[in-house]
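**Student:** Before I ask anything, here is the structure I am working with.
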């Protein structure tokens, strides 16, 4: 299994790779690999600029542009963040979910996307339970598609907001970012990495900025092949040893909805991999604690750590709004700097 591709175990067949590298809309963001390091830097800088922009000026950027949020999975942080980000730029948004549309009647993703385009949607933000769904929708509609999480494949905007949070704490005041920005930084990702699109996007993004990514978890949720997903990625099974090497630690929930067929003792998992205040104080007293949510308090992380002084979890949520404003501007406002795909 190669964690760098959408071809994930127990997942639907992924559409074949496109014939040419970039045949789709230049505003789309399907993977963090769609962005060069320079483009990542521009997005981060633009997120900061938009965050501090006069709301009256900001409201004109996407004034009356039509954005559809197409969500096949439940979401709180991502959906609300994208909706607020789009509206902050002046866009009109509409939410389409699988429980309140013809999707429930069996309509295909392609037909739903084409319907939205026919109704005037200019961009689609998609969350779907199948890896490769964002690529398929983009190919079908030729609209800018922003991947808000597709199966066990990727969640690019989450990785971008995680990066912004890490930079705020470990590289405060930095302007442009480059291949050495996070040199000497170890980010440890702990938990259900097998099923995590968040982990995958971070694994594909952070090493490109110089970070070392350390993966930690049981073999059932972290196969050995994960270390071969790319440069700068290593595995450490011992949680305490991993914490001792970490400048930032990202806890992941166990995705119970994707555990069919796996034998996993949750009590044993909790004993081996739960982040407690005692462990944090002993092995990583200055590490920045992250979690993409939803948090299962008392399982992968204690309430004391989630609410503690080392936690940047709510900062991640706030950073998501700024990042997604920049991403939606990129989707609908061409940039001469991008020169097509970033």
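Note: Cβ is positioned from N, Cα and C throughout, glycine not excepted.
Annotations in TrEMBL come from automatic prediction, not curation.
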**Student:** May I ask you to find which of 42, 46, 127, 330 TrEMBL records for the carbamoyl phosphate site already listed with 77, 78, 155, 158, 293, 294?
**Tutor:** 127
**Student:** Looking at 1-20, 21-40, which one does TrEMBL call region 'Disordered'?
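**Tutor:** The range carrying the region 'Disordered' annotation in TrEMBL is 1-20.
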**Student:** Using DSSP, would you call residue 127 (carbamoyl phosphate binding site) helix, strand or coil?
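**Tutor:** DSSP call for residue 127 (carbamoyl phosphate binding site): strand.
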**Student:** Excluding near sequence neighbours, so keeping only residues 6 or more apart in the same chain, what lies with its CB under 8 A of residue 294 (carbamoyl phosphate binding site)?
**Tutor:** 76, 77, 253
**Student:** How far apart, in Å, are the two Cα atoms that lie farthest from each other among 77, 78, 127, 155, 158, 293, 294, the residues recorded as binding carbamoyl phosphate?
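**Tutor:** The widest Cα-Cα gap among those binding residues is 16 Å.
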**Student:** Helix, strand, coil residue numbers for the domain 'Aspartate/ornithine carbamoyltransferase carbamoyl-P binding' (29-166) per DSSP?
**Tutor:** 69 helix, 26 strand, 43 coil
**Student:** Inside 8 A of the center formed by the CB atoms of 77, 78, 127, 155, 158, 293, 294, which other residues of the chain have their CB, for the recorded carbamoyl phosphate site?
**Tutor:** 75, 76, 148, 149, 198, 292
**Student:** Might you list, by sequence position, any residue in that chain lying six or more from residue 78 (carbamoyl phosphate binding site) with a Cβ less than 8 Å away from its Cβ?
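**Tutor:** The answer is 127, 148, 149, 155, 157, 158, 320.
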**Student:** What's the CA to CA span in angstrom from residue 197 (L-aspartate binding site) over to residue 293 (carbamoyl phosphate binding site)?
**Tutor:** 12
